[in-house]
Amino acid sequence: MIQATLLISLSCLSFYTLGSGVRRYDPGQGVTIQYLSLAPDTFDDAYVGCSEEMEEKAVLLLEKEMANHTRLRESWETAQKAWEQKRAGLTLPPGFRSQHGIAIMVYTNSSNTLYRELNQAVRTGGGSWESYMKHFPFKALHFYLTRALQLLRGGGGCSREPRQEVFRGVRRIHFVPKSVGDSIRLGQFASSSLDEAVACGFGSATFFSLRTCSGAPIQALSVFPEEREVLIPPYEVFVVSNFSKDGNKSLMTLSSSDQMCSHFNCAYLGEKKRPSCEFVPIGGQGDSLSKGAFSLLSWKTLLLASWGFQLLGAGL
């Protein structure tokens, strides 16, 4: 199965560049090589235990941020009009609000560059809580998009339904794991496709075959439904199952650990950055866990590791 996956294609999907580790330039190949990691500088809030409070705060927060960011305001207004036409024909999960759908349409509209700005901010915006509060310009959009994926995917992670196989590629960057078996995060909102043929039309430098537990199918809400997109949140932890080189192409298989890890939780409400990335099951998202339960689960996970049980990321 793994070998078959790695032989899939020689020119594969490239939706958006992801960033997770140290970069170096290889002048002999004319490409950037980037090592995958747990992406410690990512803003990775999953809003565990505070999603309802954030729903209340985000309304005014979005207005404030749109007033300070012209492209955000224009993109949101365009998506809002499109959403009003699209929403009538959709069957949406309980709790799914218009803002969640609009956020997805904002993100998938590649006619503007807002998705790139958002992901650049996500990749680098988690250096500190103070930096997030002062300089992260998409707090409301990040919340709405994160919450949309949680609601569309549903609770329970892979305990509720099996890992979903998707494909993703990146042009101009060769992503490399430090070793097979590493735990890594993609470190941004990462687009992928259910359709390998679609995936192979987007790039060739790095090809990922992924099995995700928290990626959500957004085809019905996307500006480009024909891409059969599955959007993966920044906090999902993957294990590198296999890696190979085929000429100047990197081929990698990632399998979800069915865990998320976050340095941040409810940051906008005052929760500071944790010194280590705390692991909890993917099923414990939104308000299904309290903030206290999130911390307790994380502490127990680390304790089990010290007793010699398997912990994803222990070798990093």
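Positions of Cβ are set from backbone N, Cα and C atoms, glycine also.
Since we're looking at a predicted model, the values are computed, not measured.
Taken from Swiss-Prot, the feature active site applies to Arg168, Ser191, Glu229, supported by sequence analysis. What Swiss-Prot lists as NAD(+) binding site is Tyr107, Arg168, Gln188, Ser222, and the listing cites similarity to another entry. The domain 'TR mART core' annotation in Swiss-Prot covers 70-261. Among the features that Swiss-Prot reports, N-linked glycosylation site is placed at Asn68, Asn109, Asn242, Asn248. The signal peptide annotation in Swiss-Prot covers 1-23, and the record cites sequence analysis as its basis.
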> For Asn109 (N-linked glycosylation site), which of the recorded positions Arg168, Gln188, Glu229 has the nearest Cα in space?
Replying inline: Glu229
> Going by C-alpha positions, which of the recorded positions (Tyr107, Arg168, Gln188) is nearest Asn248 (N-linked glycosylation site)?
Replying inline: Arg168
> Given the glycosylation sites Asn242, Asn248, which one is most crowded in terms of C-beta atoms within 10 angstroms?
Replying inline: Asn242
> In terms of DSSP three-state secondary structure, what is the assignment for Tyr107 (NAD(+) binding site)?
Replying inline: helix
> Using C-alpha atoms, which one of the recorded positions Tyr107, Arg168, Gln188, Ser191 comes nearest to Asn242 (N-linked glycosylation site)?
Replying inline: Arg168
> Taking Cα-Cα distance, which of the recorded positions Asn68, Ser222, Glu229 are within 10 Å of Ser191 (active site)?
Replying inline: Glu229
> Just how spread out is the NAD(+) site if you go by the largest Cα to Cα distance in Å among Tyr107, Arg168, Gln188, Ser222?
Replying inline: 18
>> I'm trying to understand the geometry here, so how far is the Cα atom of Glu229 (active site) from the Cα atom of Gln188 (NAD(+) binding site), in Å to the nearest whole number?
In response: 15
> Which Cβ among the recorded positions (Asn68, Asn109, Ser191, Ser222) has the fewest C-beta neighbours inside 10 Å?
Replying inline: Asn68
> Reduced to three states, what secondary structure does DSSP give Asn68 (N-linked glycosylation site)?
Replying inline: helix
> Where does Glu229 (active site) sit by DSSP, helix, strand or coil?
Replying inline: strand
